[in-house]
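Here the structure is laid out as structure tokens; the discussion comes afterwards.
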Amino acid sequence: MSKPFKLNSAFKPSGDQPDAIRRLEEGLEDGLAHQTLLGVTGSGKTFTIANVIADLQRPTMVLAPNKTLAAQLYGEMKEFFPENAVEYFVSYYDYYQPEAYVPSSDTFIEKDASVNEHIEQMRLSATKALLERRDVVVVASVSAIYGLGDPDLYLKMMLHLTVGMLIDQRAILRRLAELQYTRNDQAFQRGTFRVRGEVIDIFPAESDDIALRVELFDEEVERLSLFDPLTGQVEATVPRYTIYPKTHYVTPRERILQAMEEIKDELADRRKVLLANNKLLEEQRLSQRTQFDLEMMNELGYCSGIENYSRFLSGRGPGEPPPTLFDYLPADGLLVVDESHVTIPQIGGMYRGDRARKETLVEYGFRLPSALDNRPLKFEEFEALAPQTIYVSATPGNYELEKSGDEVVDQVVRPTGLLDPIIEVRPVATQVDDLLSEIRQRAVINERVLVTTLTKRMAEDLTEYLEEHGERVRYLHSDIDTVERMEIIRDLRLGEFDVLVGINLLREGLDMPEVSLVAILDADKEGFLRSERSLIQTIGRAARNVNGKAILYGDKITPSMAKAIGETERRREKQQKYNEEHGITPQGLNKKVVDILALGQNIAKTKAKGKGKGRSTAKTGIVELDMTPKALQQKIHELEGQMMQHAQNLEFEEAAQIRDQLHQLRELFIAAS
């Protein structure tokens, strides 16, 4: 099923890219465990990584620090590798409230979560791709270090069907029930099956638009065909097919029975400890809750909160790392850590926060001590599991630099010839008035300005002051959700306003070629927001414009400022020298404004199979761009209802047309959530 990686791009590597690609590939072939790609803003880091993947033909996991950047990378990788398996693996919760206990007020908070079905399907698709083929790029968030079902048990549970195989209908239905598929002869949807005489239709859990029809003759599989679950049209017949479990957490019956005995043993030991410490209430609470869970597991094969017993279900010892997405990645896989200066510290912090909450639950009798082993990976476990790694950042952290040693690959020269911004340091005393005159100069020539302050109060006061002086200004703060933030950025690019004021939200991954000036107020106040890395990242926001400039307001030059200015000047000199040697004139980027939000548009085109290309499909792509996630979800439910109604009325063309709209909306929802 695997194909070779085939890179689809109209451009050839240029600038520093060819040298960076060569050095990274040589390092990987020489067996280097850690390398760092120091790539400046706009130098085409993703394109460099895509070239490395295509040349070395190795399955790859790309870790991003948040869902927004993961969605952006997924869209880019999907365009680079349209013929290969580019998958998306992020948390499937739209909303998640973990189980917790607050001793001070004696308050127990039940686990409450809302699962996004489309993202769940994409997660299942990602693990299936890793198990079945080698031409895989999985773009994941830090969700990848959280516990997932054991790949060995997952593989054991799969149902393999081949034409000519002897198996009776009841055996197939029993196996489907074990895989947690449910029978539904009326509404045929993901993770269900229906039976009509000797024909079984199965809608695989990891599939979005293809179902399997199993035709039996007596006790023999006569034909296997793939069909469109909406129209019923047969797409192809296949000699064999593998049905994967409906969830990553499915467990064979014998393993559940064995786990139940181990849980009973642990419960008996824990009860003795609690009674010895005179904790009668905790002992009663724990017994009651655990007995209830055991009863459910015995009857149904699972229970609410079954993940708390994952250590027993996967057969691991106390303290052993949980199975994660890394266990599904082949041994010769490649790991790319994007924006590594943010992602690496995130990975380190996940375990401790989770541990503190669970220890309280164990202490007060809500959970058995084994629940502590349902956790994300510790940092040292992540290090042990990670395959050969490339860290990608414009400002690599100390960890990456230490691990890479001399293997820091510079990618400073941009293919467009754009230079790093000119930096000026100006006094604090006149910073606001000076900024106002700079803004007015930019507004006249239709360019935008980013201003970063140290405090929320100052950002609010500055916004108010600029508004009073007739400037079109908006304020970006932490209370604004991801989608609204994207809309503000889009409006800035479209020229709805000229100035965007923020605190710490104007750093990684913002792509705005229209911004020609970045103003950093109080740049001489040494600290987290004015560290060398923060300054370089913020200055980099003006690096996509031909007239890029950064003004640092400060009365003295701090060590961080000196390092940031020195590094920016080093890069600028190297870029200028390259341009002179090769006769390159810097060109401004001409990136379409809708690109930020329409991350899924091209993806949807590759998924849609040329069906239902009516007017409504084209219209959806534009109209839905500025909808909130809630409105998008509502629209998706509404269209799903319409689609099923058309299918029931045998109006298959209309149903297929709506299905194509749904593809687009779901991709937009991923980008937005």
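Backbone N, Cα and C atoms are what each Cβ position is placed from, and that goes for glycine too.
Note on Swiss-Prot: of 68-91, 92-115, 428-451, the range annotated with the feature motif 'Beta-hairpin' is 92-115.
DSSP gives GLY39 (ATP binding site) a strand state. Burial estimate for the binding-site residues (GLY39, GLY42, GLY44): highest at GLY39, by number of other CB atoms within 10 Å.
Annotated ATP site GLY39, VAL40, THR41, GLY42, SER43, GLY44, LYS45, THR46; additional same-chain residues within 8 Å of its Cβ mean position, judged by their own Cβ, are THR48, ALA394, GLN411, ARG414. The average per-residue pLDDT of the prediction over the motif 'Beta-hairpin' (92-115) is 83, rounded to a whole number. Using a 10 Å radius centred on the Cβ of THR41 (ATP binding site) and all shown protein chains, the other Cβ atoms total 23.
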